[in-house]
Amino acid sequence: MFPFFFALFFSSTDVLAASPSYNGLGLTPQMGWDNWNSFGCSVKEELLLGTAEKIVKLGLKDLGYNYIILDDCWSSGRSSNGSLLADDSKFPHGMKYVAEQLHNSQLKFGMYSSAGEYTCAGYAGSLGYEDMDAATFASWDVDYLKYDNCYNKGEFGTPEISYKRYKAMSDALNKTGRPIFYSLCNWGQDLTFYWGSAISNSWRMSGDVYPQFDRPDSRCPCSGDEYDCSYPGFHCSIMNILNKAAPMGQNAAPGGWNDLDMLEVGVGNMSDSEEVAHFSMWAIVKSPLIIGADIDDLKDSSLSVYSNPAVIAINQDVLGTPATRIWKYHVSDKDQYGEGEIQLWSGPLDNGDHVVALLNGGNNERSMNASWNDIFIDYLADSDELSNTWGLYDLWARRMSNATAASILSGNMTSAGLNYNVTQLNYTAGIARNDSRLFGDRVVELSKGESLTATVPGHGVALFRLRPE
């Protein structure tokens, strides 16, 4: 979240990135649900536990969505000894009870604070209280901390200053002895992608997302590839954030991930093609997959998007290499906001497979193609590492039907046996066993020197897994 009052200037210097997996957590991007984008400060015990129950019933937990993250506005301040207090009018049984209930459902409990005097909504922040607050979170059996950047008392302006402020909580969490996933939410300020992996498991890299595919907004002033944005803002569109993330993939790896912010699938009024593109692109760049929607008000088509194991398997691939944007071109069929571009993204996967996305940000459906040399741009044309023939699998071809999703949402059909269950067979093992649910449909064979061609809807994507044959 973005502060209400924020200094406008800072300078930056380079900081060397450290090795990933600083605490052994986050070897694949985190998945789960956070209440903020749909509920804001309207939080209470029933919301968290009711949502958790629904996530289990809908089969989302089985797919890997296992963190239930309580965002801002949960606190009633500090006790006489300085420790954080939960608001007992919202959480009458206390936070340890919430954690226990989630753990009983094989889910994990996430909480929120800010590296400032106050949180973004004006509640007690953790700046200067890091050791005490980390100990409190650990005593509540918390598994995850989202750590924001509001009211930071001007402690920013260079990577070193921001690093030290966020490292204080990192060290405090580690002192507790409890494994706690550490998620930075400092909006990419002070080049977080250079130093985030040294002290955390993920880091936001832009201003806050909102559910618009590419609508410009003055509150998100940086655009294009302006990854080093001095005023990150908020109300950033899907394409705005994706373009900022394009050069940052080289800084992500198992243990530390670029966080493009919560998923807006099921939030607002994006089209189905836009939601598919949003989910696909977050998945292939290895962003965390954190649902931001109201699970009780989820559309059938949105549940279908969230429930695609073939796409999730790309995100959870243990190689952990984000796809790279190979090219971007502006097109003439611009939308109502004057925006329109097409892109090719490509990247390697753990078992020798490859992922390719043709992204159509234009207003109209179009035929798009990618050359062999573009897809495999990181290999020499005659490389022995490359197979001469690849099977091409459409990762959305076996998407759950809207009718099935509607039946699951209504309770007329159980998700048991329909969804992939990562608790029984993880994605790596499923790929090794050629589980068809993780591949979609084989649509064509791609031979050396040929181009991949697909028809892509406006504001949509064609997403493929390539397998050497």
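Any Cβ shown, glycine's included, is placed from N, Cα and C.
Swiss-Prot lists Asp148 with the feature active site, nucleophile. Annotation note: Asp148 (active site, nucleophile) sits in a strand segment as assigned by DSSP. A sphere of 10 angstroms centred on the C-beta of Asp148 (active site, nucleophile) encloses 28 other C-beta atoms.
For Asp208 (active site, proton donor), the number of other Cβ atoms no farther than 10 Å from its own Cβ, over all displayed protein chains, is 22. Secondary structure from DSSP puts Asp208 (active site, proton donor) in coil. For Asp208, the entry in Swiss-Prot reads active site, proton donor, with the evidence type similarity to another entry.
Cβ environment of Gln250 (substrate binding site): no same-chain residue six or more positions apart lies under 8 Å away. If you look up Swiss-Prot, you'll see Asp71, Asp72, Lys146, Arg204, Gln250 marked as substrate binding site.
Proximity of Cys41 (disulfide bond) to non-local residues of its own chain (separation of 6 or more, Cβ distance below 8 Å) is seen for Asp72, Cys73, Ala121, given in sequence order. DSSP classifies Cys41 (disulfide bond) as coil under the three-state reduction. Among the features that Swiss-Prot reports, disulfide bond is placed at Cys41-Cys73 (among others).
The Cβ of Cys120 (disulfide bond) has 23 other Cβ atoms within 10 Å, all protein chains considered. The disulfide bond annotation in Swiss-Prot covers Cys120-Cys150 (among others), and the record cites similarity to another entry as its basis.
The disulfide bond annotation in Swiss-Prot covers Cys220-Cys236 (among others). Cys220 (disulfide bond) falls within neither a helix nor a strand when secondary structure is assigned with DSSP, and so counts as coil. Every protein chain shown contributes to the tally, and the Cβ of Cys220 (disulfide bond) ends up with 26 other Cβ atoms within 10 Å.
The feature disulfide bond is assigned by Swiss-Prot to Cys222-Cys229 (among others), with similarity to another entry given as support. Taking the Cβ of Cys222 (disulfide bond) as reference, residues of its chain lying under 8 Å away and at least six apart in sequence are, in sequence order, Gly207, Cys229, Ser230, Tyr231, Pro232, Gly233, Lys244.
Around the Cβ of Asn81 (N-linked glycosylation site), the same chain contributes no residue under 8 angstroms that is 6 or more positions distant in sequence. Swiss-Prot lists Asn81 (among others) with the feature N-linked glycosylation site, giving sequence analysis as the kind of evidence.
For Asn174 (among others), the entry in Swiss-Prot reads N-linked glycosylation site, with the evidence type sequence analysis. Within 10 Å of the C-beta atom of Asn174 (N-linked glycosylation site) sit 16 other C-beta atoms, taking all shown protein chains into account.
According to DSSP, Asn269 (N-linked glycosylation site) is assigned to coil rather than to any helix or strand. Here Swiss-Prot flags Asn269 (among others) as N-linked glycosylation site.
Among the features that Swiss-Prot reports, N-linked glycosylation site is placed at Asn369 (among others), with the record citing sequence analysis. On its own chain, Asn369 (N-linked glycosylation site) has Leu358, Ser451, Leu452, Thr453, Ala454 as residues at least 6 apart in sequence with a Cβ closer than 8 Å to its own Cβ. When secondary structure is read from DSSP and collapsed to three states, Asn369 (N-linked glycosylation site) falls in the strand class.
Among the features that Swiss-Prot reports, N-linked glycosylation site is placed at Asn402 (among others), with the record citing sequence analysis. DSSP assigns Asn402 (N-linked glycosylation site) to a helix. Around the Cβ of Asn402 (N-linked glycosylation site), a 10 Å sphere holds 15 further Cβ atoms from the protein chains shown.
The secondary structure of Asn412 (N-linked glycosylation site), as reduced to three states from DSSP, is coil rather than helix or strand. Among the features that Swiss-Prot reports, N-linked glycosylation site is placed at Asn412 (among others).
Cβ neighbours within 10 Å of Asn421 (N-linked glycosylation site), excluding its own Cβ and spanning all shown chains: 18. Mapped onto three states, the DSSP output places Asn421 (N-linked glycosylation site) in coil. Taken from Swiss-Prot, the feature N-linked glycosylation site covers Asn421 (among others), and the record attributes it to sequence analysis.
Annotation comment: Swiss-Prot describes Asn426 (among others) as N-linked glycosylation site. Every protein chain shown contributes to the tally, and the Cβ of Asn426 (N-linked glycosylation site) ends up with 16 other Cβ atoms within 10 Å. Taken residue by residue with DSSP, Asn426 (N-linked glycosylation site) is part of neither helix nor strand, so it is coil.
What Swiss-Prot records for Asn434 (among others) is N-linked glycosylation site, and it gives sequence analysis as the kind of evidence. With a cut-off of 8 Å between CB atoms and residues at least 6 apart in sequence, the same chain places nothing near Asn434 (N-linked glycosylation site).
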Roughly how many Å separate the Cα of Arg204 (substrate binding site) from that of Cys150 (disulfide bond), to the nearest whole number?
14
Out of Cys120, Asp148, Cys150, Asp208, Asn402, which of these recorded positions is nearest Asn412 (N-linked glycosylation site) by C-alpha distance?
Asn402
What is the Cβ neighbour count of Cys150 (disulfide bond) at a 10 Å cut-off, with all protein chains included?
25
Can you tell me the CA-to-CA distance separating Asp148 (active site, nucleophile) and Cys120 (disulfide bond), as a whole number of Å?
8
How many whole Å apart are the CA atoms of Cys150 (disulfide bond) and Asp208 (active site, proton donor)?
13
Could you tell me the C-alpha distance between Asn174 (N-linked glycosylation site) and Lys146 (substrate binding site) in angstrom, no decimals?
15
